[in-house]
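S.K.: Straight out of TrEMBL:
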- HIS271: active site, nucleophile (ACT_SITE)
- HIS500: active site, proton donor/acceptor (ACT_SITE)
- LYS273, LYS502: substrate binding site (BINDING)
- SER535: site 'Interaction with DNA' (SITE)
Amino acid sequence: MAGSRVKIGLLIPLQKNLLVDYSVSNIPIFQGRNIIGRNNLAISDKRVSRKHVSLHTTVDGSAEVVVEGPNPVIVKSGDERKKLSTQDKAPFVHDSSFLRKEKRHSEEESSAVKRNRHILEDESLEKTLQENDNLEQDDVVAIAPTDSQWKPPEVLASCENVEAIRHFCVPKDRLSLIFRLMRVQGLPAWTNSCSVAIQDVIQGNVLIAVLSNYMVDIDWLMSACPDLRKIPHVLVIHGESGATIDRLKKNRPANWILHKPPLPISYGTHHSKAMLLVYPQGVRVVVHTANLIYVDWNNKTQGLWMQDFPWKEQQNLNKGSSFENDLVDYLNTLKWSEFNVNLPVVGNVNINPSFFKKFDYSSSKVRLIASVPGYHKGTNLKKWGHMKLRGVLEECIFDKEFCKSPLVYQFSSLGSLDERWLAELAVSMSSGILNDGSPLGSGKPLIIWPTVEDVRCSLEGYAAGNAIPSPQKNVEKDFLKKYWARWKANHVGRCRAMPHIKTYTRYNGQNLAVSVRSFSFPLNRWFLLTSANLSKAAWGALQKNSSQLMIRSYELGVLFLPSTIQDRGSEFSCTENLILNQGECKSFSDTEVCKTKLVTLCRKGNNGIDSSSEVIRLPVPYQLPPQPYTSEDIPWSWDRQYFEKDVYGQVWPHHVELYANEDA
């Protein structure tokens, strides 16, 4: 309907101090009557009606606001404020601002506290610890503008006409083999091909939900995913602290349980982002990269993997798998208080880590790579962090084309690094052997990191930099200059959607690392989607002559290592009334060697791939090979000043809040 109307402009959300609130989307205004309320404001406060006000506009820009709901609103023009009650009207002219009904302001949730919480996202406290405690805080450095005139968003950061994701469509029986990008608002429709929203994940008859994350905004979550209200039992495992925990406790439904895992080492965080959704039919396991907040699920480049698994048959209750062992071992470290529920399938059960052994994960296409806080040694040395990745890759045999091929590290927060630790990480990332038994060889890492210009011209302008919270003292170390590579996402249309996704891989052209095995062994290749940023806190650092791995934080990722393409059987679904039959599946004898090719969306055709191979395309959101920084490129750091205005006419720093103000 809106497509046939004349668009007049945008209704821009403001904070109490009248600065733009970038955490809330603009609302398009069309000629004629526009209804504004709880539906398009994306809030759950019932004092704001679904049809709270109507805005009557004409093509000359004049408008009239009418209060339709039972609660009043405030209209402010200049220094004048006017309270409008039900059915009251007021002219809406240029330089006026519409403010919804004011609510009480919480001193504990002041704007300064919330901004500090956001810029500390993703291990900034750990980075502080890793620096010398006696160093003075670096002086803020100002970057002078090169052009005092800011340009409108539509002429900035133009992408090349490469739209590979437009034609990206994956059959349902192959979705568990890939990850998907999350939908981004404000982009052309083609960019969201085969993408996923939170409503696509939490759906159907969920009996129990375990939501694991760092940051949780319950008000937004319930509004964005109303199905959550129907779930009888919800366990929220979070990394929040301080006044935000009080906010969670106050706003949580009665049937929700909140739990913050133990953090035995200072400056650690619970940073894992995952969901376990229990259905009458089985369990859905989801691993993703987004905090449970509005901006993460709407404005950022994010990734998500999920797969459904059935209940085990009675004769297979004691039959496990690598995926099951990794999952249950990880859940055991979280130490939540078990609770009892009555499920229609199995009766009364205790919901603890062992409960998740009741599901059959034998069809899993990935391995879990987790980090948990602690000093890991002995048999546990290769159980967590980058040593877990090393141990898994050491069992893989790779094509010779990947000998000494480059590595890619892509993430959204940079720890306080040194060259010795980067070399340690590269050994793990480069693990594996060639067909002849020789080592695969170390690969040179490239670090994909947004530039100042990328952030300035992004969908959120400088505000996007709050979710890329690395300080200048971490970013501008001289030895890092040889690693920097540009964030280029033309082919998926996400040049202006700043990355919060974290991925690590090895590539050759548009091919990702592929391994070869006979069917008597697992068939492996790797691409890692994870919550782990590039930091010692997330990946761990070897100590005591490499006999001990110290990790501060909880992280979780999925390593793409399909078991075999010989006979996958059927794809199981918890939310569909059928078993999805697998697509074409070539038949091989037990003695044949089979290859799978893991490629990006930019790979052209199937040249060079023999008929016995299966090609699996991943929506890798950056272009390969990465483009190195030029001498003009400046890596983003959030504690600098930038005077060149962004796409909204703002300079940096300016006041930006993570959550929408209650009184804005």
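Heads up, the Cβ atoms here are built off N, Cα and C, so glycines get one too.
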S.K.: Return only the integer: C-alpha distance in Å from LYS502 (substrate binding site) to the residue listed as 'active site, nucleophile'.
M.R.: 12
S.K.: Let's check the environment of the residue listed as 'active site, proton donor/acceptor': how many other CB atoms sit within 10 Å of its CB?
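M.R.: Neighbour count, Cβ to Cβ under the 10 Å cut-off: 26.
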S.K.: Select the most exposed residue of HIS271, LYS273, LYS502, where exposure means the fewest other Cβ atoms within 10 Å, treating these as the recorded positions.
M.R.: LYS502
S.K.: Quick one: Cα separation, the residue listed as 'active site, proton donor/acceptor' versus SER535 (site 'Interaction with DNA'), in Å?
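M.R.: Answer for this pair: 15 Å between alpha carbons.
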S.K.: In Å, rounded, how far does the Cα of HIS271 (active site, nucleophile) sit from the Cα of SER535 (site 'Interaction with DNA')?
M.R.: 12
